[in-house]
Amino acid sequence: MSVKVGSVLPFTVVSHVLGIAASVMVLVWCIHFRGGLAFEATNKSLIFNIHPVLMLIGFIILGGEAIISYKAFPLSKEVKKLIHLTLHVSALILGIVGVYAAFKFHNESSIANLYSLHSWLGIGVMCLYGLQWIFGFVTFFYPGVSAGVRAESLPWHVFFGLFVYVLALATATLGFLEKLTFLQSSGLAKYGSEAFLVNFTAIVTILFGVFVVLAAVSPPPRVNDANSYSAI
């Protein structure tokens, strides 16, 4: 099926710009305001800082770029398929490392694990994302199924992929809210520059996700058959 919302190009361009902006903002937050990143440190907060950076840049943004890769690059279908697959697995790996950083921070700080809605949804999203990647790999890449089965599976693969991605965005938003609430409870100024930065980073992240979804459901540019990709 196809949703007629106009040319895909403006949506992909805006997505790239918003992705860069969100990446810069989360790095400024975690490095400038929160002190930096480290897997080993006496200041355990530096370990936690790896979590939002990898979850946003590695999972949300790379995952979004993977979704729009079929629409964003004027390449052959097979090359775009490989880019799509590689970006998704990179996002998954970096997301797993980001989750590990959160567990490491909790364990070394004597904080309980998996007590919040953010953490519950996060684990669920990672599992669904992994299952979605495995299904896509087996069905569309290797060993691959018949053309008829691929054609029938594609709309469901796209729909479920967007569902998981929207759920990931909601989980990330909850994560920003949860961390900012903890910081403000510890004395962070509610109307200070750091609080505003965190809130605006969350807003830019949501907007990035919106434009990724718009790009995914918009008609692809008209190209030759070798490079074509059916819209959702």
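Cβ from N, Cα, C; glycine included.
Unlike curated entries, TrEMBL annotations are predicted automatically.
Sequence annotations record features per position, and here TrEMBL assigns domain 'Cytochrome b561' to 14-217. Sequence annotations record features per position, and here TrEMBL assigns transmembrane segment to 12-34, 46-70, 82-103, 115-142, 154-177, 197-217.
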Contact ranking winner - 12-34, 82-103, 154-177 against the transmembrane segment (197-217), Cβ under 8 Å: 12-34
Stretch with greatest number of CB pairs under 8 Å, the transmembrane segment (115-142) reference, 12-34, 46-70, 82-103, 154-177 candidates: 154-177
Reported mean pLDDT - the domain 'Cytochrome b561' (14-217): 96
